[in-house]
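Let me begin by presenting the structure, written as structure tokens, before commenting on it.
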Amino acid sequence: MMRIMLFLATNLAVLIIASITLKLLGVDRFTGQNHGSLLIFCAVFGFAGSLVSLFISKWMAKMSTGTQIITQPRTRHEQWLLQTVEELSREAGIKMPEVGIFPAYESNAFATGWNKNDALVAVSQGLLERFSPDEVRAVLAHEIGHVANGDMVTLALIQGVVNTFVMFFARIFGSFVDKAIFKNEDGHGIGYFIATIFAELVLGILASIIVMWFSRKREFKADEAGARLAGTGAMIAALQRLRAEQGVPVQMPDSLTAFGINGGLKNGLAGLLMTHPPLEDRIEALRRLG
């Protein structure tokens, strides 16, 4: 899923910008003493950031990757790509998404969009050049699985919940620091502002661990969908090809590399922020499906 990290970054940026704006406008002072009102206030802005990210996800993905949408196929490869996505979409019971190709040497693909009937599926030029037709079909089926499963909407809801609690507890922490350490009893001072922003950054990272855990679980489900649509053997072969290419340098920005079918490698604590399970685990899970 070549969308998660940009989605998270957008959410965090919205939270911080909202915090600064609300502080400058003086809105925070009306919610600081009433925790019920504060929670509602945080929920409104927490879900706003999540929904903004969801609704502009296609535009962000196109701009960030340089994806060229195929409207009129110019080659037999583009024609095959459109026909394959149309067939897989029909089998999955969704409206055909937009189809695109983005210029990247590494083998990758992504699907995004605010609902299953208004989505985008794109593959890298490198994947088209090096993968067999059956393997490309399996990768497309995996991405169609994400769309059919409604993963982006579910992710937006989860992100909205964690955004809410990040904003809420950051402000509780900010009030404590402002009063207990800075001894400010007259509204919100500079201590509140600094502590709130700091807490949002820290809690935002911790909240990302929850979202990444969800993302890893959904990868297994997308693999299962890919196996149903394209065949278990083809899905395993595609993942094995990705595993063989793990040493290929990634040309895309770091904020986007975790958005695709190939999520890269991380070890130790960094593994908690992986959007994808290890390829070995995904292959083994497919083998258990038979």
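Cβ atoms are placed via backbone N, Cα and C, with glycine included.
In the structure as shown, the Cβ atom of GLU143 (active site) sits within 10 Å of 28 other Cβ atoms. Secondary structure from DSSP puts GLU143 (active site) in a helix. The active site annotation in Swiss-Prot covers GLU143.
Feature annotation from Swiss-Prot assigns Zn(2+) binding site to HIS142, HIS146, GLU219. Around the Cβ of GLU219 (Zn(2+) binding site), a 10 Å sphere holds 24 further Cβ atoms from the protein chains shown.
If you look up Swiss-Prot, you'll see 4-24 (among others) marked as transmembrane segment, on the strength of sequence analysis.
According to Swiss-Prot, the feature transmembrane segment maps to 36-56 (among others), an assignment based on sequence analysis.
Annotation source Swiss-Prot lists transmembrane segment at 150-170 (among others).
The feature transmembrane segment is assigned by Swiss-Prot to 193-213 (among others).
Here the Cβ of HIS142 (Zn(2+) binding site) has 29 other Cβ atoms within 10 Å, regardless of which shown protein chain they belong to.
Cα of GLU219 (Zn(2+) binding site) to Cα of GLU143 (active site): a distance of 10 Å.
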